[in-house]
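So that you can see what the record holds, here are the features copied from TrEMBL:
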- Cys254: active site, nucleophile (ACT_SITE)
- Asp30, Lys35, Thr83, Thr118, Glu147, Lys257, Arg322: NAD(+) binding site (BINDING)
- Phe144, Leu145, Arg146, Glu147, Lys198, Phe243, Leu244, Asn245, Ala246, Gly247, Gly251, Lys315: substrate binding site (BINDING)
- 308-405: domain 'UDP-glucose/GDP-mannose dehydrogenase C-terminal' (DOMAIN)
Amino acid sequence: MKIAVIGSGYVGLPTACGLASFGNDVVCIDNNEEKLKILNSGTMPLYEEGLQELYEEVKDKLKFSGQTSDINDADLIILAVGTPMADDGSANLQYIFQAAKDITPHLKNDAIVATKSTVPIGTNDEIERIINRSDIHVVSMPEFLREGYALHDFFNPDRIIIGTDNENVYNRIRDIYISHIPAERIIQTNRHSAELIKYASNAFLATKIQFINEISDLCEQIDADVSDVSIGMGMDSRIGRKFLNAGIGYGGSCFPKDTNALEYMARQHGVKLGLVSSTIRGNHDRRFNIASRINDQIKNLDASAKVAVLGLAFKNGTDDIRYSPAIDIISNINYKPIYAYDPKAMQNAKKVLSSNVTYTKSIQECVKGADIIVILTEWPEFKELENAEFEKPTLILDYRNLLDSGKMTIKKNVTYKRIGQK
Ligand code: UGA
C-alpha cells in the first residue's frame, strides 16, 4: 500500500517506520521545517527505543516531506498530529482540522483517511464534513502506543480498532495488519465507539493509578506496604498487576490531556463522570503534595546541604517532560541549587526549569555527597544506588519505589523512605 502519515511526532514516526517495515511505501509529512531538516539528514528528532535503528532498516521505503501534495498517490492517509489541551480542558482541534483541509485537494479517488490522533467523539464526523467528498472514507483508528515502548506496542498491539461502518474499508485496513497481528485482535466498531474506546482506556488507566496512589496514602498511615498490596491485588486476574505502581502521579502528553477532554466532552453531553473528575483533581494535587513532603525534609538541613534529584522525564524510556510530575515537583522545592540528572530528558528540562537547577553529567556526580536524594523517574539505571556506598548520612526518598527495599534499609549511612510505607 501507499501510505501517508501526517505528523512526525511520538505517534507519527513509530507508525510510519512500522508500516514501512511491513513493506508499505510511506511518506511522512510535517510542516515543521526544523524537524524536517533533521529527519532528512537521517536522524530521528525524538528519543524512542529502537526507532533510529528501525529507520535505518526501512529508509528505502520511507520518505519525509513538507509538501502535503506528496500524499497524492496514497491509498491510506493517517492523521497523527497533536491535539493538545486547550485552556478550558477541551482538546484543541485546530491542527487536525487544518491537516484535513490541507490534504483534501490532494486525495486520490477512494482514499481512506484514518485518524490516529486522540480526538473527541464526533471529530471524525467533522473531518468528513471538512473533506466534503463522497469518494473519501474517514475512519477512526485510535492509537494505543506508549512512549518509550512505541515500537514494541506497534508490533505487539493488544488491539487494532478500526472505526468505520464500511465493510470494504474495514477489510482494506485489516489487510495491512493481518499477516503481522493475530486476527482476533483486530476489531471493527462504529466511529464514535472507536473514538470513545481511546478516551475510556486512558481514563481507566489514569483512574487505576490514582486509586493505588490513594491506597498508598492509606498504607502510610496504617503500617501496610503498597508494593505488597499492589502485588496481592494484581494477582486477581480481574484486576491485573499493570498500572498499579504507586508514585508521584501520572504525567505525559496523554493521560492529563485525555482525562480532561473526556470530562469536558461528557459535561457537554450532560453526563457527570465523577470518577474521572476525582482522578484529575487527585492526580493534580499529588505532585504538589510530594513537593511539600520533600520541603518538610529539607527544612531540617542546614544551608550548605546538597539536594539531588534523579529523574525529570514523566516516566522512564523517554525524553518527554510534558506535564511531567518531576518538573512541577522540582519547581516547588524550596532550595537552591538542586542537582539533577536524567539520562534522556535534561535537554528538554533545561528549556522549562529555572536556573535553580544544576544539571550533572552522571548519576554518580549528581548523588555524590548529597544529603537528600529524591528519585522521581523510574529509570532502571538509578538502581545502581543499590550497590553504591554512602560516606555521610543520606536520606533517600524513593518516590517511584524503584530500589530494593531490603538492600537499601541495611545500607550504612542511609535512611531509605519509599512511597506507601510507614
Ligand atoms: C499512554 C497509554 O498507556 C497508551 O496506551 C496511549 O497510547 C498513550 O497514553 C496515548 O494516549 O498516546 P504514555 O502517555 O506513553 O501512554 O505513558 P504510560 O506508560 O501510560 O504512563 C503514563 C503515566 O502514568 C506516566 O507518568 C507513568 O509514570 C504513570 N504511571 C504508569 C504510574 O504512575 N503508575 C503506573 O503503574 C503506571
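In case you wondered, yes, glycine gets a Cβ from its N, Cα and C as well.
Mapped onto this structure are the features recorded in TrEMBL.
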residue : record                   : Cβ contacts under 8 Å, 6 or more apart
Lys35   : NAD(+) binding site      : Ser8, Pro45
Thr83   : NAD(+) binding site      : Ala91, Asn92, Leu93, Tyr95, Ile96, Ser117, Thr118, Val119, Lys257, Ala261
Phe144  : substrate binding site   : Asp153, Pro157, Asp158, Arg159, Lys198, Ser201
Arg146  : substrate binding site   : Asp153
Glu147  : NAD(+) binding site      : Tyr10, Glu48, Gly252, Ser253, Lys315, Gly317, Thr318, Asp320
Leu244  : substrate binding site   : Lys208, Ile209, Ile212, Ser230, Met233, Gly234
Ala246  : substrate binding site   : Ile212, Asn213, Ile215, Ser216, Val226, Ser227, Ser230, Asn401, Ile419, Gly420
Gly251  : substrate binding site   : Arg287, Phe314, Lys315, Arg322, Tyr323, Ser324, Pro325, Ala326
Cys254  : active site, nucleophile : Thr118, Asn202
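Checking the recorded positions Thr83, Phe144, Gly251, Cys254 against ligand 1 with a 6 Å cutoff on the Cβ atom leaves Phe144, Gly251, Cys254, in sequence order. Every protein chain considered, the tally of other Cβ atoms within 10 Å of the Cβ of Thr118 (NAD(+) binding site) stands at 23. With a cut-off of 8 Å between CB atoms and residues at least 6 apart in sequence, the same chain places Ile6, Gly7, Ser8, Gly12, Leu36, Leu39, Phe64, Gly66 near Asp30 (NAD(+) binding site), listed in sequence order. Around the Cβ of Lys257 (NAD(+) binding site), a 10 Å sphere holds 23 further Cβ atoms from the protein chains shown. The maximal spread of the substrate binding site, taken as the longest Cα to Cα distance among Phe144, Leu145, Arg146, Glu147, Lys198, Phe243, Leu244, Asn245, Ala246, Gly247, Gly251, Lys315, is 24 Å.
For the recorded site, Asp30 (NAD(+) binding site), the DSSP three-state label reads coil. For the domain 'UDP-glucose/GDP-mannose dehydrogenase C-terminal' (308-405), the DSSP-based tally of helix, strand and coil residues reads 28 helix, 19 strand, 51 coil. Look at the binding-site residues Lys198, Arg322 and count other Cβ atoms within 10 Å of each Cβ; Arg322 has the fewest. When secondary structure is read from DSSP and collapsed to three states, Lys198 (substrate binding site) falls in the helix class.
Lys257 (NAD(+) binding site) falls within a helix when secondary structure is assigned with DSSP. According to DSSP, Lys35 (NAD(+) binding site) sits within a helical segment.
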